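**Student:** Okay, here's the structure, questions in a sec.
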Amino acid sequence: MDFLNKHSSCISKLFSCPSQWQLNAAPGWQAIAAWALIAAGGFFVISRALLFGRVLLSLFVLPGKSLRSFGPKGSWAVVTGASDGLGKEFALQLARAGYNIVLVSRTASKLDTLSDELTSKYPSVQTKVLAMDFARNQDSDYQKLKELIGDLDVAVLINNVGKSHDMPVPFALTSEEEMTDIVTINCMGTLRVTQLVVPGMMQRRRGLILTMGSFGGLLPTPLLATYSGSKAFLQQWSTSLGSELAPYGITVELVQAYLITSAMSKVRRTSALIPNPRAFVKSVLSKIGRNGGSPGYAYSSSPYWSHGLMAWFLTCVTGTMGKLVVGQNRSMHESIRKRALRKAEREKGKKST
């Protein structure tokens, strides 16, 4: 006891040393933590800057693969949804590049007109046409397509056929017919055509498969829920297919696109964000193999410059799945729906008078 009383002050100092050491060392640890945060922030900023630089190079500087690398002169390109808009423009530009064209769409008269236009502009180009309604999903139609392309060297497949809603609509109010048509055309139509074309490409160990995606598949899109889901499905399917077919020398890309002037988008006026089909298709075919604004998505591309910048901003800055982004998307489509309903009422009133 005397020992404890005698040395109590020393013992007290001894046991107070760790806390005193912690107090003295705290500024050092704070400095280390601060530098660690600065380093992490710097790494984040630099990595984002390098990624953005890569996007700019891909969009504006670096060329894509040559179209001729996918097949020799005299090989064929199959284009679905070929009678209008993007499909028609893909057919025109691929014919200009020297490919023979198989045109597949619903309306026979439009296909015949386009076929005549192609052979008139490019006399050396051959065409074949098949009128089929993808919404019907008939085995007989796909059998006809199989027989049509059976002996052809199909080097390019453009999966362009697609359908959206007539106007933005809550899922609960979506008609069963519209819902079924969207899924059948966008998903089953694309899968079944691709499955007919792929075996020949695998045998020849070359080919190009472009599937038209949408920002609706990149961003959850309220009031276009079924369409958005179908395009998200194509994103996952195409990416998986791209990995499967890469060992066979086949290039697979899902093309992420914002609005384009077309009958489906119902947009008629071009702008910096909304190109016409000619400008858009030119960007797609000149940037094959480049991610454009989609560096984080394997086997995908956003090749048109403004779409690419928007895709980069959404995926790398704001994110695509957050409540704020999805909420803004909902508000935009609610506004579009209101305008569409008012327009329908006006047209209904004009017809009744």
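Cβ atoms are placed via backbone N, Cα and C, with glycine included.
For Tyr227, the entry in Swiss-Prot reads active site, proton donor. Annotation source Swiss-Prot lists active site, lowers pKa of active site Tyr at Lys231, citing similarity to another entry. Per Swiss-Prot, the feature NADP(+) binding site maps to Val78, Asp133, Asp141, Asn160, Tyr227, Lys231, Ile260, Ser262. According to Swiss-Prot, the feature transmembrane segment maps to 33-53.
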**Student:** What's the CA to CA span in angstrom from Asn160 (NADP(+) binding site) over to Lys231 (active site, lowers pKa of active site Tyr)?
**Tutor:** 12
**Student:** Three states by DSSP: which one describes Val78 (NADP(+) binding site)?
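**Tutor:** Assignment for Val78 (NADP(+) binding site) reads strand.
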**Student:** Rounding to the nearest whole angstrom, report the longest C-alpha distance spanning Val78, Asp133, Asp141, Asn160, Tyr227, Lys231, Ile260, Ser262, listed for NADP(+).
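**Tutor:** The two farthest binding residues have Cα atoms 29 Å apart.
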**Student:** State the three-class DSSP label for Ser262 (NADP(+) binding site), counting H, G and I as helix, E and B as strand, and everything else as coil.
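**Tutor:** SS state of Ser262 (NADP(+) binding site) = strand.
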**Student:** Let me check the 10 A CB neighbour count of Ser262 (NADP(+) binding site). How many other CB atoms are there?
**Tutor:** 19
**Student:** In the structure shown, which of the recorded positions Asp141, Asn160, Tyr227, Lys231, Ile260 has the fewest other Cβ atoms within 10 Å?
**Tutor:** Asp141
**Student:** Could you tell me the C-alpha distance between Asp141 (NADP(+) binding site) and Lys231 (active site, lowers pKa of active site Tyr) in angstrom, no decimals?
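**Tutor:** One finds 23 Å between the Cα atoms of these residues.
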**Student:** Of these binding-site residues, Val78, Asp133, which scores lowest on Cβ atoms within 10 Å?
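**Tutor:** Fewest other Cβ atoms within 10 Å, among the binding-site residues Val78, Asp133, is found for Asp133.
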**Student:** Determine, to the nearest whole angstrom, how far the Cα atom of Asp133 (NADP(+) binding site) is from the Cα atom of the residue listed as 'active site, proton donor'.
**Tutor:** 18
**Student:** Please classify the secondary structure at the residue listed as 'active site, lowers pKa of active site Tyr' using three-state DSSP.
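**Tutor:** DSSP call for the residue listed as 'active site, lowers pKa of active site Tyr': helix.
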